[in-house]
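Taking it in order: structure first as structure tokens, then the write-up.
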2 protein chains.
Amino acid sequence: MRELTVDLGERSYPIYIGEGLLKEASTYFIKHGISKKSPLLIITDSRVAEYHLESFESELAEAGFQTASVIVPSGESSKSLSMLESLVTKALECGLDRKSAIVALGGGVVGDLAGFVAASYMRGIKFVQVPTTILAHDSSVGGKVAVNHPLAKNIIGAFHQPELVLYDLNTLQTLPPREVSAGLSEVVKHGLIWDAEFAAWCEENAEKLLALDAEALGYALYKGCSVKAAVVSKDERENDLRAILNLGHTIGHALEAVAGYGELLHGEAISIGMVGSARLGLRYGAPEDVYTVTKRVLAKSGLPVRLPDHFDVDKIMDAMMHDKKFSEGTMVFVVPTEIGKVEIKSDVPVQWVREIVEQLKLEVQP
Amino acid sequence: MRELTVDLGERSYPIYIGEGLLKEASTYFIKHGISKKSPLLIITDSRVAEYHLESFESELAEAGFQTASVIVPSGESSKSLSMLESLVTKALECGLDRKSAIVALGGGVVGDLAGFVAASYMRGIKFVQVPTTILAHDSSVGGKVAVNHPLAKNIIGAFHQPELVLYDLNTLQTLPPREVSAGLSEVVKHGLIWDAEFAAWCEENAEKLLALDAEALGYALYKGCSVKAAVVSKDERENDLRAILNLGHTIGHALEAVAGYGELLHGEAISIGMVGSARLGLRYGAPEDVYTVTKRVLAKSGLPVRLPDHFDVDKIMDAMMHDKKFSEGTMVFVVPTEIGKVEIKSDVPVQWVREIVEQLKLEVQP
């Protein structure tokens, strides 16, 4: 079992990573002050509920917790204000009070949604994250929670730190291979922006990770969470440093916006985006290996490094123009300067970006 | 012009109280770092818009602010999640970014609603309060913002402190007399819980206050805000001390829940509630003047001190049972021990409360 602390002063919290933690959840809940006197509400989705809800809930109930649970449809569409209203109805019906906790059992969607319920119910109650995907290692650090608006993703939200994060590696065993790779995308990103040694480790251990080897996964999630925690500790409210976490995201978000529904997972889109950022790094004079290593580690992790032909470059550029990171004639980008180091460039010529997006269609698998 | 600071460490902010401040709004906005580069959105209601929106918005625009405004229907029903969604649509359409501010021009409903938009839009942007009612002096201190859920008032919200509060006494001149009295109810409450001298001042100056004398109003709001600020500074997140602000509210909320729509204003309900609390004080051995002074100052402020006959005591008791302050056989109440001092009693027999509610029907005007 590995443990790390996200250091945020009064709002600091621990992340536990290990096998079988769900079976001991009550011990951790008690240790971190989750009340048995007030009911707690587990929010999960249909896919996760099938595998884990019953055993998780009964372990807590046996230990004396008053639990209730609600299953939302899996997928981004559950992150809505109408779902928030339904969940608050459920919280009221179950008698949740100021000392209650909301528990997110699931991936990023469940974490974002349940976290915003916890942030806003009675102006904020306790929140526990129990991530069940690799990708969720990213959202389990930093306290960003939100729902979507029809016109914009994650636009209605809060910063709400959990009391603890309980990462049971066993829950990852049922992930489909494509989601494993997509989750590794953010893991690799944390190496690329902060820790060259870890990036190299990701490349060497890609096969083990794809095979869901528990020891390798535990280490990768521990390192991924640690990098994010280091960044967030220095910049909780996203003023400055935290922007480096967006490596690959400007292009990636645009690809997600343009792609047909379900065509690209978030991790896949930012994988292609990170290759683009690496190419941009070369333009700014970064050594060649910024590009070759980035591409190789992503490809070994089972991720796409080439933009499929049918994507329309104009539409991608338009989507980026609507992105918050754009201002006249130039764009803001996170650009690698070497493996493990990035810089924010706020004057990237739009023309360079277009050329790189076009080039992305010509990338070959390493 | 009077000024006070709500002392909350990093989140401290000033409250300015004076005549004609709306005409100088831009000066205060600039002084407190509201950006001219990012658009700001004024949220107001139909009643306030009629008198003040145009001049306020043009003053800001002339000073170089990019303003947009939206008018919501006046009244509690605007504090809904669907209104939140509409306002976020408007914010997106107007291009509000992380450096933008939301300005609440109005009373408590507008403040709560606009404040929650500011708290949740992009996970929190700046917020400015421009209160236009006496009652809003209460909600302008403490950062509590919220919308309603069909099953519970103010249940979805946040703590989000404004950058500044601009209280223009001229905006109060158009208040209907009944709302003046209802607003004074919370002013008087601040004297009763914290400051005997101020409570006495309220009684002596009740006529001036009802006549909207600017000097008297300015002082009353300054003192009311000061008491609330002192309490909130010591207990921002409502753990303990802040509960004393609920004097009269347990009975008051129950009366509001039971009354027909529009029958009792919030201030009127808590006025009757405060008389009940004073009677409860007597049971706990408080001196007689706790009751006589409470009743006199409220009556002089034009507030009801007697429960109308047609109210059903059973229904009032039921409504209190559903209130969060209740546990088996006993209730939690804020109880005055002398004028200017209260205590939290957590073991008030339900039977006492019932007797006092019955007694409230027999109160005579002092």
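Glycine residues also receive a Cβ, built from the backbone N, Cα and C atoms like all the rest.
Taken from TrEMBL, the feature NAD(+) binding site applies to A:74-79, A:108-112, A:132-133, A:K144, A:K153, A:171-174. For A:T174 (NAD(+) binding site), applying a Cβ distance below 8 Å and a minimum sequence separation of six or more within one chain yields A:Y51. Reduced to three states, the DSSP call for A:T174 (NAD(+) binding site) is helix.
According to TrEMBL, the feature Zn(2+) binding site maps to A:E186, A:H249, A:H266. For the recorded site, A:E186 (Zn(2+) binding site), the DSSP three-state label reads helix. Applying an 8 A CB threshold to same-chain residues 6+ apart, the list for A:E186 (Zn(2+) binding site) reads A:I134, A:L135, A:H137, A:D138, A:G224, A:G267, A:I270.
Among the features that TrEMBL reports, domain '3-dehydroquinate synthase N-terminal' is placed at A:70-181. The average pLDDT the prediction assigns to the domain '3-dehydroquinate synthase N-terminal' (A:70-181) is 96.
The domain '3-dehydroquinate synthase C-terminal' annotation in TrEMBL covers A:183-325.
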Around the Zn(2+) site formed by A:E186, A:H249, A:H266, which additional residues qualify by having Cβ within 8 Å of the site's Cβ center? A:L135, A:D138, A:S185, A:K189, A:G248, A:G252, A:G267, A:A269, A:I270
By DSSP, what is the split of the domain '3-dehydroquinate synthase N-terminal' (A:70-181) into helix, strand and coil residues? 44 helix, 35 strand, 33 coil
Between A:G108 (NAD(+) binding site) and A:H266 (Zn(2+) binding site), what is the CA-CA distance rounded to a whole number of Å? 11
DSSP says A:H249 (Zn(2+) binding site), in three-state terms, is helix
Give me the Cα-Cα distance between A:G111 (NAD(+) binding site) and A:H266 (Zn(2+) binding site), rounded to a whole Å. 16
